[in-house]
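Asker: Reproduced below are the annotations present in TrEMBL:
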type     : residues : note
DOMAIN   : 37-283   : domain 'G-protein coupled receptors family 1 profile'
TRANSMEM : 20-43    : transmembrane segment
TRANSMEM : 55-74    : transmembrane segment
TRANSMEM : 94-116   : transmembrane segment
TRANSMEM : 137-158  : transmembrane segment
TRANSMEM : 201-221  : transmembrane segment
TRANSMEM : 233-255  : transmembrane segment
TRANSMEM : 267-285  : transmembrane segment
Amino acid sequence: NFSRVTEFILLGLSDTRELQVLLFTFFFLAYAMVLLGNLLILVTVRCDPKLSSPAYFLLCNLSFIDICCTSVTSPRMLVDLLSQRKTIAFADCIAQLFFLHFVGASEMFLLTVMAYDRYAAICKPLHYTAIMSRQTCWLLVSACWAGGFLHSIVQTLLTIQLPFCGPNRIDNYFCDVPPVIRLACTDIYVTEWLMASNSGLISLVCFLVLVTSYTFILVTIRVRLTEGHRKALSTCASHVMVVTLFFVPCIFIYLRPFSAFPSDKHVCVIYTVFSPVMNPLIYTLRNHEVKDSMWRLWKHSRI
């Protein structure tokens, strides 16, 4: 790598001081909600033996990934919002890019596994315990992390082999593949399409699998609509809303040539900030078992 660039300048979401302070307050509260909400889910599921089903095991992993995902971008963004010069070292930029794609792809795969879990529970209830055994759950979660690592290492290797010798201004609030490789001092046409086919296709395929799973669930519920299935329908509808909020922006950003659009960095806010905030709300507040467990945990802690 014959790069001469040693640091990048992050342009952020705004250069207006008053708006930066307002954004800092909003994103600080959002980050606090992500940390507190997901930590509460982790503690609740770990402390309550009644929440030992595969669905809650997967929910714990989703909460952990959400904490990791938002911690890759939010702390740096909060510091930059209060800084005059928003710079990031080349090595730190590449590290942020790697970990963002690592946990981001792992979350995509995990959301797909969670949709499959709901499909097995609703469409094949008699075989559910055999299909989603504890060993199978561990294998699926391990595969999610391994798939995320493989995806991320490919993206990172394709990025660091590019020469960066001139422009160093990234029109975003974090380091990501599209804005970074646009600064390379070489023709990136082939690299661009390799990365788009990697990130974009993963996003699209996972989203299609999710939609297919929930379609089968919807068909099953319509055939035999009981009170339990009505609750399942309500839960699945909220899940679809969350995964759509996460996947559609990712598909928009990655499944196309990496030409710059002014709205790109604002779209990124949806899956780096809003989606991690929504996950604990949707997967917890609409789940009576988790809410009851939280209430029992709170009463026990006061005794």
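If you go along the chain as it appears here, the first residue is 1 and each next one adds 1.
Every residue gets a Cβ built from N, Cα and C, even glycine.
Source: prediction; values computed, not measured.
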Asker: Sort out the residues at least 6 away from either end of the transmembrane segment (233-255), same chain, that have Cβ-Cβ distances under 8 Å to it, and list them.
Answerer: 104, 107-108, 111, 114-115, 118, 176-178, 195-196, 199-201, 203-204, 206-207, 210-211, 214, 217-218, 221, 264, 267-268, 270-271, 274-275, 278-279, 282-283, 286-287
Asker: Take the transmembrane segment (267-285) and find every residue of the same chain, 6 or more past its ends, with a Cβ under 8 Å from one of its Cβ atoms.
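Answerer: Residues 13, 27, 30-31, 33-34, 37-38, 40-41, 59, 62-63, 66, 69-70, 73-74, 104, 172-174, 176, 238-239, 241-242, 245-246, 249-250, 252-253, 291, 294 contact the transmembrane segment (267-285) from elsewhere in the chain.
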